[in-house]
Amino acid sequence: MSFSSLPTEIQSLLFLTFLTIYLVTLMGNCLIILVTLADPMLHSPMYFFLRNLSFLEIGFNLVIVPKMLGTLLAQDTTISFLGCATQMYFFFFFGVAECFLLATMAYDRYVAICSPLHYPVIMNQRTRAKLAAASWFPGFPVATVQTTWLFSFPFCGTNKVNHFFCDSPPVLRLVCADTALFEIYAIVGTILVVMIPCLLILCSYTHIAAAILKIPSAKGKNKAFSTCSSHLLVVSLFYISLSLTYFRPKSNNSPEGKKLLSLSYTVMTPMLNPIIYSLRNNEVKNALSRTVSKALALRNCIP
């Protein structure tokens, strides 16, 4: 795996850095889940989908970071064949699910801003459950086909995966068979999985922008924009890092550069999402304050 060539001092520093990011990610996303469940003011579709995103980010992080920390701490740079396949499967599953969940969240914002009076009716509990299921489901077939197909090839020669986790391109380099058909499928599949949700997000925000421009008061425009600014920032971070990783020309795509870019959406984005939503969203900040106040009051009541 990836960090074996680095000096021990650098590996120790990376371990402390990634451990801190990992703990912040877990605590931040768990806090979002608990607050949106505990506070009745946040029992709306928007926070239902935010809760799904936090569950997803925790899963995404658990797939990659613990093994990476173990590699840095114990200097054990090996991973089993089954472990590599499992890691790749869940990486694809959570990655695809996040693409579609971000599109679903954009649609939720579109309904909230463009049809505010019908919002509770359109986004009822049954509809939001169906949308959440539709967001999570595509990860299963994509991950199953991609992982099963890739690991059905024979491997020979070097067994070194030049990455910090089992992603498809570095594992594919170890295959000693004709992979042309698989590569076509992988490219087309990646484009579809990334572009379809991206187009849905663009469509939603085009309608949102048009609706905001029609609002007469500046206060109304600011309020409407604030409801979707956090999501827009999260989408931008995720898609920019994803595009730079998988859609750059090969001539500009060195293995070391790809590792750094992969860190942005596998490690940094899951940490930043709860920070963005908590700092830029007054409802979440107020709910956090109420939850902390209730917890302190309950603690004072206990003798």
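Including glycine, each Cβ sits where the backbone N, Cα and C put it.
Here Swiss-Prot flags 1-12, 63-86, 148-184, 246-258 as topological domain 'Extracellular', drawing on sequence analysis. Here Swiss-Prot flags 13-33, 42-62, 87-107, 127-147, 185-204, 225-245, 259-279 as transmembrane segment. The annotation topological domain 'Cytoplasmic' is assigned in Swiss-Prot to 34-41, 108-126, 205-224, 280-301 on the grounds of sequence analysis. The disulfide bond annotation in Swiss-Prot covers CYS84-CYS176.
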Largest tally of Cβ atoms lying within 10 Å of a Cβ, found at which of the disulfide-bonded residues CYS84, CYS176: CYS84
Same-chain residue ranges lying at least 6 outside the transmembrane segment (13-33) that approach it to Cβ under 8 Å: 3, 6, 50-51, 54-55, 57-58, 61, 65-66, 68-69, 72-73, 267-268, 270-271, 273-275, 277-278, 284, 288
Long-range environment of the topological domain 'Extracellular' (63-86) - Cβ separation under 8 angstroms, sequence gap at least 6: 1-4, 11-12, 14-15, 18-19, 21-22, 25, 94, 147, 151, 161, 164-166, 171, 266-267
Leading contact stretch, 185-204, 225-245, 259-279 vs the transmembrane segment (42-62) - CB distance under 8 Å: 259-279
Contacting positions for the transmembrane segment (259-279) when only residues 6+ beyond its ends and CB under 8 Å are counted: 2, 18, 21-22, 24-25, 28-29, 31-32, 50, 53-54, 57-58, 60-61, 64-65, 91, 163-165, 167, 230, 233-234, 237-238, 241-242, 244-245, 285, 288
Local confidence of the topological domain 'Cytoplasmic' (205-224) - pLDDT mean: 85
Secondary structure content of the topological domain 'Cytoplasmic' (34-41), with strand meaning DSSP E or B: 7 helix, 0 strand, 1 coil
Beyond the flanks of the topological domain 'Cytoplasmic' (205-224) by 6 or more, those residues with Cβ under 8 Å of it: 106, 109-110, 113-114, 232
